[in-house]
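Presented below is the structure to which this report refers.
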Amino acid sequence: SGGPSWSVLLGRRDSLTANQAGANTAIPSPFEGLNNITAKFSAVGLNTNDLVALSGAHTFGRAQCRTFSNRLYNFSNTGNPDPTLNTTYLTTLQQICPQNGSGTALANLDPTTSDAFDNNYFTNLQNNQGLLQSDQELFSTPGAATITFVNNFSSNQTAFFQSFVQSMINMGNISPLTGSSGEIRSDCKKVNGS
């Protein structure tokens with residue numbers, strides 16, 4: 001996809017159980033405002049640079065209509081679209097996700113270079129073409145510290161790649177299990193012996 005690479009630390013211990021409730025509480029949702037998202041990152045030791053760099057992973061991938069359709073028709077229960085949405089982009093998204101249509105239809109997270117890992121995600125935010133509310137708020141929240149990072153990454157792909165690599169490493173070091181807690185998996189997608 002053209003993105004950066006880095007050496008992943010080996011020997012990380014994984015939990016023997018999943019915690020969906022914990023994930024749903026700790027991981028930001030696409031509907032959250034910037035203050036909540038920033039607080040969730042801060043709670044695990046990640047800073048504003050990490051927040052913006054890791055959000056840049058939305059330079060590729062898809063999202064279901066149900067994760068952003070509120071922005072198209074009834075943003076914050078106003079009965080109107082999100083005013084931060086580029087109007088041409090809004091029309092395109094309304095065609096993909098008609099009102100009362102399938103919530104599982106897919107839209108590209110990055111409408112310009114959907115299958116490439118690049119810095120266009122940040123340019124999209126500057127053009128009010130962030131698909132998820134949680135994305136667009138990085139640039140459209142007045143006075144937000146995130147705006148500087150969006151502008152920097154939009155104009156400097158190397159800076160984005162370097163920050164993304166470091167932020168992935170930082171994220172991988174959140175509360176690692178130690179000692180006899182968990183296990184080092186032989187297949188990362190399943191508990192050993194299953």
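Note that Cβ sites are derived from N, Cα and C of the backbone, with glycine treated the same way.
TrEMBL annotations: computationally assigned, not manually curated.
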Cys65 - recorded disulfide partner, TrEMBL, among Cys97, Cys188: Cys97
Of Pro28, Cys97, Asp110, which recorded positions come within 10 Å of His58 (heme b binding site), going by C-alpha to C-alpha distance? Asp110
Could you state the whole-number distance in Å separating the C-alpha atoms of Cys97 (disulfide bond) and Thr113 (Ca(2+) binding site)? 20
Of all the disulfide-bonded residues given, Cys65, Cys97, which has the fewest Cβ neighbours within 10 Å once its own Cβ is left out? Cys65
Determine the Cβ neighbour count for Asp110 (Ca(2+) binding site): the number of other Cβ atoms within 10 Å of its Cβ. 25
Thr59, Asp110, Thr113, Asp118 excluded, remaining Cβ within 8 Å of their centroid (Ca(2+)): Phe60, Thr112, Ser114, Asp115, Ala116, Phe117, Asn119, Asn120, Tyr121, Asn124
Return the residues near Pro28 (substrate binding site), defined as same-chain residues 6+ apart in sequence whose C-beta is under 8 angstroms from its C-beta, sorted by sequence, else 'none'. Asn36, Ile37, Lys40, Phe41, Ser134
